[in-house]
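According to Swiss-Prot, the protein carries these features:
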BINDING   9, 10, 11, 12, 13, 14  FAD binding site
């Protein structure tokens, strides 16, 4: 069976690649090992948080993380063991936590954040129906030191709105007096990620994009400097262009003789119902404990914690209890009605820079992975970049790849 473009992976990045490739007139086939109704793209916070917000690795983060570890509030939990890549990842994370690297990354976040916003607008214009709100990201601070530090970065551009405790409670009615204040980053947005994924699926299927669900790619067939065949557990598929967007699963990446400095970071979320008057008025992030709380059409979702160096796909009840405990320290008591707990793995690089671009060996293979906790933020932008790259034909001809790919970042 021969295809023009095969996208391996049906998450937000894979679907965004399929969307932009289809827009260029290509015949696209998406291969997804699951039934396409659940996955990391469904369970995340839904933040489009590219603006005026530092990456995970930034100055001071190492010391701050160690302090939070002592209180069991750290955003990262490391399962230490005999895994050399974990220590390589940590070393890169630490060396990336400098002012120069952070300044560059923030600038890139802004550039590709606006591209993602444009792509979300295009999706809505195309008739897709999903929860989408451009009403900012409320950064709530629980430590006076970090609040003062954030205030020093605010300017009069309109991108920031500084709120005291009383004003913060108007946005976050359940907040208690243990908070210090907040800053509304007005340019950010949020979506219901599940609605985005389902809308993309429906749009693409109606447009003639082929979907092979419950079909797992298990290997590749190579010939010289090309991938001659994509081998699934059902068939062999040939393709002119193959886009590998399999998220945190490194199996197929390793089949292509690559071993990216990327870890599967296990994240958690709880989705629940609460009275409308108690819901946060916009997407919010308790910045000092790295916990997001996002309003949706009928529910609210909290997300937190990233565990590194674990393959356990089961929900850790201790982590869920810890999330609730950390949130309770800064909120009034409230009921999480009809709560749904979730966990999933994100492809996290140590500096928040994804792996994008043509493979160094196989000329018809394009990589699109490594967005970590920023999949919803940058997924649509990545789809556009990858589609443009397919026209350019080489990494070096595409400025966005040269700027935003880990292949070209020290």
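Each Cβ is built from the backbone N, Cα and C atoms, and glycine gets one as well.
A map of Swiss-Prot features onto the structure.
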| residue | record | Cβ within 10 Å |
| --- | --- | --- |
| 9 | FAD binding site | 26 |
| 10 | FAD binding site | 28 |
| 11 | FAD binding site | 27 |
| 12 | FAD binding site | 29 |
| 13 | FAD binding site | 30 |
| 14 | FAD binding site | 29 |
**Asked** Neighbourhood of the FAD site (9, 10, 11, 12, 13, 14): other residues with Cβ within 8 Å of the Cβ centroid, in order?
**Response** 7, 15, 16, 17, 32, 39, 41, 245, 246, 247, 379
